[in-house]
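Here is the structure we will look at, set down as structure tokens.
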Amino acid sequence: MSQEPSPNQTPIKAKVHENDQMDLDDLLPAIGEFGRYQKLLLWFICLPACIPCGFGAFNQLFMADVPPHWCKVPQLMGPDHNLTAEQRKYLAIPAIDANGTAASCARYAVNWTDLLLDQDVEDLAPNASWPTEPCLDGWEYNRTEVISSIVISFDLVCDHDIYPTYGLVALNIGGPVGVYLFGVVNDRLGRKLSFFLCLATLLLGSVLTATAVNFWQWAAYRVIVGLTIPAVYQIPFIISLELVGPNYRSFVTVLTCSFYTLGLTLLAGVAYFIRDWVQLAYATSLPFFLYFLYWWVLPESPRWLLAKGRLEEASKILETLARVNKKEMPEAFKLKLKQRMMLVRTRSEERRLQTGPGLSSLCRTPNMRLKTLLITLNWFAAETVYVGLSYYGPAVGHNQYISFLLSCFVEIPSYIVCWIIMDRWGRRWPLAMSMVLSGFSCIGTVLLPESDAESILIMFLFSKFTISASFLIIYPFAGELYPTSIRGLGIGASAYIAGLGLIIIPFINYLGQENLKMPLIIMGVVSVLGGLTALRLPETLHHRLPQTIEEGEEFGKDWTWAECMTCVPKKPDSHAGSYEDLRERDVVEMLPTLPHQESDPLRGSLRGSVRGSVRDPLRDPLSRRARLVRQASTMETPLDSTGGIKMTHWF
């Protein structure tokens, strides 16, 4: 006798018939969501692959070090006079303050040949009434600390002192273009090939950087490097996300961010020991040619292979995954693979799957328009201040290498603290408070006396700690606010608009050459404004994610100041739809028993294995720990029409 479906099963049944695709999220619990295979892949391939991105993005800060400099006076540099650099500076360079600080871009306009004919050089003394002129014969550099840099090689000082800023802009202009280009390759040709093409582009640009003979050539090569930032980091990251179960995606995200930060601390050590900018360019690129050995061990994403119909290749990878994890591939999945090998998706179906709401859906209705504006504004503020403080780090404290090292290292505890509190206190208040605290500490740094370098460094590190937390919160918060039907589109649009801050921030930091406090004031104001506007966004913790545009418009429409002032979100009376309800009922709902289950043996088989492995979270401590992992993964990962993770969504 056939069983009638219950009302709450009807929508699921319709969905399965409409888009009957093989979902790895159903299979992974049976063969291992985060088993030995995924751990080996993560620790030995994907995490080391984070290092080239940080090296390529931030080695430029140390290539463009500006040493103390002053005008060159060729008439005083001959062997006949035997003057030291300090003696030449004392005689030929005017002082700009009472402390005797020498001018960097002016010299006395006197005829030194005539003066030296009348008296010995030992008897000469500078005269403040002498006229001055700009540096007409180049510059001398104090190479005690900065042995070599593009500033020295290309004379990027005085009228050309903005050129290193142009170099940072060139690097950041390449980023959005590269994310799009490699995103297309990533989605059409596969994750593996796109990673090695991206790596080859990065190494090519880095090696060419070391061969540049003038600034504009150097800047052009930095655009090539910028094409791969952050794509070279995103692609192996996406492979990791697509191979682990949904319950571990946030854990992998935090771990990957932390390892990327550890790579930046390694860069500080490399830059400290290698002071020549050409050698630094080689040292931060040539070792990564070894990564091409990954070609034989880095797997293609089986999720992408399944979506592209390359089922035999996907089956081999999944069989290896199951074997390494000491699991067995369910016979139901093997059977379904064989059935799918005989089917071909038609072009009309592909077009049907790819059609959906457009960009205008983000701003068509009042509430969605407001949320889109606030999300984008917060993303812009968080990204701009985070990158700005990263660029600003070497200028704080007595030692630029230690300052940069500490500014990177404080990100790791920030990620851990953020990961813990955002699933207890929600997203809105941690985001707002982290940005406001970062802004106030930036402004507070300005109020400290310049002689108190230690206090300034501590305040700066606190700013970096808090803004790093906001940068980690903004992505899942945005993903939970945008409805599923336009989640990828919304995140991509907000991220690209926010990326404009990467082009603006080098010019803000350029102001620090004349006034070291000005960039901190600007970044502080931007961060505070961003944090305050975040309070207007609705809280998402304990709420179901909006699925349709209509649900997205309704979500948060009843926002009130009273609700906003609640720092710790209250759990709803009913756990239905709550993120906290992670008992067996939720797992069963993901793998429903339907009347046509016999025609889809995968779900029936996996249902039994998952049900047998479910523990009562109220009694079993292991389940409670797993529950914490799951809590941090409630956000749906944006997928494209093929079911794969699009790289642009993670930019």
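Backbone N, Cα and C atoms are what each Cβ position is placed from, and that goes for glycine too.
Taken from TrEMBL, the feature transmembrane segment applies to 40-58, 163-183, 195-213, 219-239, 251-274, 280-298, 370-389, 401-422, 429-449, 455-477, 489-512, 518-537. Per TrEMBL, domain 'Major facilitator superfamily (MFS) profile' is recorded for 106-542. Annotated region 'Disordered' per TrEMBL: 593-617, in sequence order.
Beyond the transmembrane segment (251-274), the same-chain residues lying 6 or more positions past its ends with a Cβ under 8 Å from any Cβ of the stretch are 34, 42, 46-47, 50-51, 53-55, 58-59, 62, 233, 237, 240-241, 244, 280, 283-284, 401-402, 404-405, 408-409, 411-412, 415-416, 419, 472, 629, 632-633.
When Cβ-Cβ distances under 8 Å to the transmembrane segment (455-477) are tallied for each of 40-58, 163-183, 280-298, 401-422, the top count falls to 401-422. Proximity of the transmembrane segment (163-183) to the transmembrane segment (370-389) is not established, fewer than 3 Cβ-Cβ distances being under 8 Å for residue pairs spaced 6 or more apart.
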